[in-house]
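These come from TrEMBL:
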BINDING   63, 95, 98, 194  Fe cation 1 binding site
BINDING   95, 147, 194, 197  Fe cation 2 binding site
Ligand SMILES: [Fe+2]
Ligand SMILES: [Fe+2]
């Protein structure tokens, strides 16, 4: 009897000790959880959200345009200048990837697409087919002009993303939210590829196009107007 009492007491003490230690462990876990939970970013302002909307809308419209420009060039040039086919195919595939990426971003951000998308398709097809009908050099001059404007356009966006999206966090520090970092990386990658297309056009005699100045300056102006419009409409 006495022995059973001792055993019971010992069990109760052990249980208490155990429950005490599990409570401590639970508390420790909570503390660890509290310590490891990541600091949250402040909300984007309405102006920042509107800017991101504009970025996605105009870039999606631009990449759609690029897709149609290269399609037009391939359609006209691949029979007459077969050596250009793999070069054009390579650039076109990259544009298709750019377009698909911005299509996905458009869905993710629920951004309204440009209201005049059919016009971008028509305009870009004309821009791809027209100069290519003149000559392969004229097509390359078109690529040079388009990619110069797009390269500058992406650089402007990168500057703005870098300057205007340093957000406060709940731990008192500031940083760029992950979605902004990801968008920045995407735009950097695409900007570099557009500049490769520009180099490719120069290597393939864009400067020999006739009339070079008229073509390139005319196409640059059209692209700038298109960018301005696609950001807003
Ligand atoms: Fe592109
Ligand atoms: Fe490009």
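The count begins at 1 with the first shown residue.
Note that Cβ sites are derived from N, Cα and C of the backbone, with glycine treated the same way.
In TrEMBL, annotation is done automatically, which means it is predicted and not curated.
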Residue pair residue 194 (Fe cation 1 binding site), residue 147 (Fe cation 2 binding site) - Cα distance, angstrom, rounded: 6
Residues flanking the Fe cation 1 site, with Cβ no more than 8 Å from the Cβ centroid of 63, 95, 98, 194 and excluding those residues themselves: 62, 66, 67, 94, 97, 99, 150, 190, 193
Near-site residues: Fe cation 2, ref 95, 147, 194, 197, CB cutoff 8 A to centroid: 66, 91, 94, 143, 146, 150, 151, 193, 195, 196, 198
Separation of alpha carbons, residue 95 (Fe cation 1 binding site) and residue 197 (Fe cation 2 binding site) (Å): 10
Sequence-ordered binding-site residues from 63, 95, 197 with Cβ under 6 Å of an atom of ligand 1: 63, 95
Whole-number Å value for how far residue 147 (Fe cation 2 binding site) lies from residue 98 (Fe cation 1 binding site) (Cα to Cα): 13
Binding-site residues compared (63, 95, 194) - highest count of Cβ atoms within 10 Å: 194
Neighbourhood of residue 147 (Fe cation 2 binding site) by C-beta distance under 8 A, where only residues 6 or more apart in the same chain count: 194, 195, 197, 198, 201
Helix, strand or coil at residue 95 (Fe cation 1 binding site) [DSSP, three-state]: helix
